[in-house]
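Asker: In case it helps, TrEMBL gives these features for our protein:
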type	residues	note
BINDING	98, 101, 214, 215, 218	chlorophyll a binding site
BINDING	103, 183	chlorophyll b binding site
(Lines of atoms letter the chains of each structure in order from A; the text may use other names.)
(Lines give C-alpha, C1' and ligand atoms only; values in the text may rest on other atoms or scores of the structure.)
Protein backbone atom coordinates (compact mmCIF):
# COMPACT_ATOMS: atom_id res chain seq x y z
CA UNK A 1 0.00 0.00 0.00
CA UNK A 2 1.45 3.33 -1.00
CA UNK A 3 0.72 6.35 1.24
CA UNK A 4 1.38 9.95 0.18
CA UNK A 5 2.04 12.15 3.23
CA UNK A 6 1.61 15.94 3.19
CA UNK A 7 1.61 18.86 5.76
CA UNK A 8 -0.78 21.79 5.77
CA UNK A 9 -0.21 25.31 7.14
CA UNK A 10 -2.96 27.42 8.66
CA UNK A 11 -2.47 31.00 7.53
CA UNK A 12 -4.60 33.79 8.99
CA UNK A 13 -4.72 36.58 6.40
CA UNK A 14 -5.59 40.27 6.75
CA UNK A 15 -8.91 39.69 4.98
CA UNK A 16 -11.20 36.80 4.27
CA UNK A 17 -9.28 34.21 2.30
CA UNK A 18 -8.77 30.49 2.00
CA UNK A 19 -6.48 28.41 4.19
CA UNK A 20 -5.51 24.87 3.18
CA UNK A 21 -7.10 22.12 5.29
CA UNK A 22 -6.18 18.61 4.28
CA UNK A 23 -8.66 15.82 3.79
CA UNK A 24 -7.86 12.21 2.99
CA UNK A 25 -9.54 10.57 0.04
CA UNK A 26 -9.36 6.86 -0.81
CA UNK A 27 -8.71 5.82 -4.40
CA UNK A 28 -8.82 2.23 -5.67
CA UNK A 29 -7.07 1.62 -8.95
CA UNK A 30 -8.62 -0.57 -11.61
CA UNK A 31 -5.52 -2.75 -11.88
CA UNK A 32 -3.55 -4.30 -9.05
CA UNK A 33 -4.29 -4.69 -5.40
CA UNK A 34 -2.56 -1.55 -4.15
CA UNK A 35 -4.70 1.02 -2.40
CA UNK A 36 -3.50 4.63 -2.48
CA UNK A 37 -4.31 7.47 -0.06
CA UNK A 38 -4.03 10.98 -1.52
CA UNK A 39 -4.10 14.10 0.65
CA UNK A 40 -6.14 16.93 -0.80
CA UNK A 41 -7.20 20.16 0.75
CA UNK A 42 -10.34 22.26 0.78
CA UNK A 43 -10.46 26.01 1.45
CA UNK A 44 -11.81 27.33 4.75
CA UNK A 45 -12.48 31.01 5.39
CA UNK A 46 -11.34 32.92 8.50
CA UNK A 47 -12.37 36.40 9.65
CA UNK A 48 -9.95 39.28 9.69
CA UNK A 49 -8.14 39.99 12.97
CA UNK A 50 -6.74 43.53 13.36
CA UNK A 51 -4.35 44.45 16.15
CA UNK A 52 -3.94 48.14 16.85
CA UNK A 53 -0.78 49.27 18.62
CA UNK A 54 -1.18 51.46 21.64
CA UNK A 55 -0.74 55.07 20.62
CA UNK A 56 0.39 56.57 23.94
CA UNK A 57 1.64 55.40 27.34
CA UNK A 58 -0.91 54.74 30.07
CA UNK A 59 -0.61 54.25 33.80
CA UNK A 60 -1.23 50.51 33.30
CA UNK A 61 0.34 49.09 30.12
CA UNK A 62 -2.24 47.49 27.86
CA UNK A 63 -5.18 49.30 29.45
CA UNK A 64 -7.29 51.46 27.17
CA UNK A 65 -7.77 54.96 28.65
CA UNK A 66 -11.28 56.38 28.95
CA UNK A 67 -12.39 58.36 25.87
CA UNK A 68 -12.52 61.69 27.71
CA UNK A 69 -8.83 61.40 28.60
CA UNK A 70 -7.44 61.72 25.09
CA UNK A 71 -3.87 62.69 26.03
CA UNK A 72 -4.23 66.43 25.42
CA UNK A 73 -3.99 67.34 29.12
CA UNK A 74 -0.60 67.68 30.75
CA UNK A 75 0.31 64.48 32.60
CA UNK A 76 -2.64 62.55 31.19
CA UNK A 77 -1.89 58.82 31.37
CA UNK A 78 -5.51 57.72 31.38
CA UNK A 79 -5.77 57.30 35.16
CA UNK A 80 -9.36 57.73 36.34
CA UNK A 81 -10.57 54.41 37.79
CA UNK A 82 -13.57 56.06 39.49
CA UNK A 83 -14.70 57.96 36.39
CA UNK A 84 -14.58 61.33 38.13
CA UNK A 85 -13.72 63.18 34.92
CA UNK A 86 -16.60 61.97 32.78
CA UNK A 87 -18.35 65.32 33.18
CA UNK A 88 -16.41 67.90 31.10
CA UNK A 89 -17.11 70.69 33.62
CA UNK A 90 -15.87 68.59 36.51
CA UNK A 91 -12.79 67.60 34.54
CA UNK A 92 -11.86 71.25 33.96
CA UNK A 93 -12.14 71.94 37.69
CA UNK A 94 -10.07 68.88 38.61
CA UNK A 95 -7.33 70.15 36.29
CA UNK A 96 -7.23 73.46 38.17
CA UNK A 97 -7.29 71.67 41.54
CA UNK A 98 -4.33 69.48 40.55
CA UNK A 99 -2.38 72.57 39.51
CA UNK A 100 -2.98 74.22 42.88
CA UNK A 101 -1.96 71.05 44.74
CA UNK A 102 1.22 70.81 42.68
CA UNK A 103 2.17 74.41 43.41
CA UNK A 104 1.47 74.10 47.11
CA UNK A 105 3.63 70.98 47.23
CA UNK A 106 6.51 72.74 45.48
CA UNK A 107 6.12 75.84 47.66
CA UNK A 108 6.17 73.62 50.75
CA UNK A 109 9.42 71.94 49.68
CA UNK A 110 10.99 75.32 48.94
CA UNK A 111 9.90 76.59 52.37
CA UNK A 112 11.38 73.57 54.13
CA UNK A 113 14.71 73.95 52.38
CA UNK A 114 14.89 77.71 52.93
CA UNK A 115 14.04 77.64 56.65
CA UNK A 116 16.38 74.69 57.24
CA UNK A 117 19.15 76.63 55.53
CA UNK A 118 18.58 79.59 57.83
CA UNK A 119 18.51 77.33 60.86
CA UNK A 120 21.62 75.30 59.97
CA UNK A 121 23.71 78.37 59.12
CA UNK A 122 22.67 80.09 62.35
CA UNK A 123 21.09 83.06 60.61
CA UNK A 124 17.78 82.48 62.36
CA UNK A 125 16.64 80.28 65.23
CA UNK A 126 13.70 78.75 63.35
CA UNK A 127 12.15 75.43 64.41
CA UNK A 128 12.38 72.30 62.33
CA UNK A 129 9.58 72.29 59.79
CA UNK A 130 7.71 69.31 61.30
CA UNK A 131 7.68 71.03 64.70
CA UNK A 132 6.73 74.49 63.46
CA UNK A 133 3.01 73.92 64.03
CA UNK A 134 3.53 73.43 67.77
CA UNK A 135 5.64 76.58 68.25
CA UNK A 136 4.09 79.62 69.94
CA UNK A 137 5.19 82.77 68.14
CA UNK A 138 5.63 86.02 70.06
CA UNK A 139 4.31 88.36 67.37
CA UNK A 140 0.87 86.68 67.16
CA UNK A 141 -1.18 83.96 68.77
CA UNK A 142 -2.11 80.74 67.00
CA UNK A 143 -5.74 81.87 66.74
CA UNK A 144 -4.70 85.13 65.08
CA UNK A 145 -2.50 83.33 62.59
CA UNK A 146 -5.34 80.97 61.66
CA UNK A 147 -7.76 83.85 61.09
CA UNK A 148 -5.26 85.76 58.96
CA UNK A 149 -4.53 82.65 56.92
CA UNK A 150 -8.23 82.05 56.31
CA UNK A 151 -8.70 85.64 55.12
CA UNK A 152 -5.69 85.63 52.79
CA UNK A 153 -6.37 82.18 51.38
CA UNK A 154 -10.06 82.92 51.02
CA UNK A 155 -9.30 86.07 49.04
CA UNK A 156 -6.82 84.30 46.74
CA UNK A 157 -9.09 81.30 46.17
CA UNK A 158 -12.10 83.53 45.48
CA UNK A 159 -10.13 85.43 42.84
CA UNK A 160 -8.97 82.17 41.30
CA UNK A 161 -12.50 80.77 41.19
CA UNK A 162 -13.87 83.93 39.62
CA UNK A 163 -11.22 83.75 36.91
CA UNK A 164 -12.11 80.10 36.34
CA UNK A 165 -15.79 80.94 35.90
CA UNK A 166 -15.10 83.99 33.74
CA UNK A 167 -11.58 83.78 32.24
CA UNK A 168 -9.83 87.13 32.05
CA UNK A 169 -12.23 88.89 34.39
CA UNK A 170 -9.60 89.31 37.11
CA UNK A 171 -7.18 90.99 34.74
CA UNK A 172 -9.40 93.99 34.13
CA UNK A 173 -8.22 97.36 35.32
CA UNK A 174 -9.11 98.04 38.93
CA UNK A 175 -9.80 94.41 39.83
CA UNK A 176 -6.64 93.92 41.93
CA UNK A 177 -5.34 97.15 43.48
CA UNK A 178 -3.85 98.35 40.20
CA UNK A 179 -1.50 95.34 39.95
CA UNK A 180 -3.35 93.68 37.08
CA UNK A 181 -0.55 94.23 34.55
CA UNK A 182 2.00 92.63 36.90
CA UNK A 183 -0.18 89.53 37.25
CA UNK A 184 -1.52 89.27 33.72
CA UNK A 185 -2.56 85.69 33.15
CA UNK A 186 -1.84 83.52 30.15
CA UNK A 187 -4.87 81.27 30.59
CA UNK A 188 -6.94 80.03 33.56
CA UNK A 189 -4.58 78.37 36.01
CA UNK A 190 -1.46 79.89 34.50
CA UNK A 191 -0.88 83.45 35.74
CA UNK A 192 1.96 85.44 34.26
CA UNK A 193 3.37 88.93 34.41
CA UNK A 194 6.69 90.03 35.89
CA UNK A 195 5.71 88.93 39.40
CA UNK A 196 4.67 85.36 38.67
CA UNK A 197 6.63 84.78 35.48
CA UNK A 198 9.78 86.91 35.85
CA UNK A 199 11.85 84.78 33.45
CA UNK A 200 9.23 84.94 30.73
CA UNK A 201 8.95 81.18 30.41
CA UNK A 202 6.09 79.65 28.44
CA UNK A 203 4.81 82.93 27.04
CA UNK A 204 3.18 80.93 24.27
CA UNK A 205 1.05 78.98 26.70
CA UNK A 206 -0.85 77.16 23.94
CA UNK A 207 2.37 75.41 22.87
CA UNK A 208 3.88 75.00 26.34
CA UNK A 209 2.86 71.38 26.88
CA UNK A 210 6.36 70.38 27.98
CA UNK A 211 6.47 73.04 30.70
CA UNK A 212 3.03 72.04 31.94
CA UNK A 213 4.07 68.39 32.09
CA UNK A 214 7.21 69.22 34.07
CA UNK A 215 5.16 71.16 36.62
CA UNK A 216 2.77 68.25 37.18
CA UNK A 217 5.62 65.73 37.40
CA UNK A 218 7.27 67.81 40.12
CA UNK A 219 4.10 67.34 42.14
CA UNK A 220 4.14 63.55 41.58
CA UNK A 221 7.68 63.32 42.86
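Note: Cβ is positioned from N, Cα and C throughout, glycine not excepted.
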Asker: Restricting to the record's chlorophyll a-binding residues (98, 101, 214, 215, 218), give me the longest CA-CA distance in Å as a whole number.
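Answerer: If we measure all Cα pairs in 98, 101, 214, 215, 218, the largest is 14 Å.
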Asker: Let me check the 10 A CB neighbour count of residue 183 (chlorophyll b binding site). How many other CB atoms are there?
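Answerer: Around the Cβ of residue 183 (chlorophyll b binding site), 18 other Cβ atoms lie within 10 Å.
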Asker: Which number gives the other C-beta atoms within 10 angstroms of the C-beta of residue 214 (chlorophyll a binding site), all protein chains shown included?
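Answerer: Total other Cβ atoms inside 10 Å, all chains included: 13.
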Asker: C-alpha of residue 103 (chlorophyll b binding site) to C-alpha of residue 215 (chlorophyll a binding site): distance in Å?
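Answerer: Distance between the two Cα atoms comes out at 8 Å.
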Asker: To see if you understand the setup: which same-chain residues, six or more apart in sequence, place their Cβ under 8 Å from that of residue 215 (chlorophyll a binding site)?
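Answerer: Same-chain residues close to residue 215 (chlorophyll a binding site) (Cβ under 8 Å, separated by 6 or more) are 74, 99, 102, 103.
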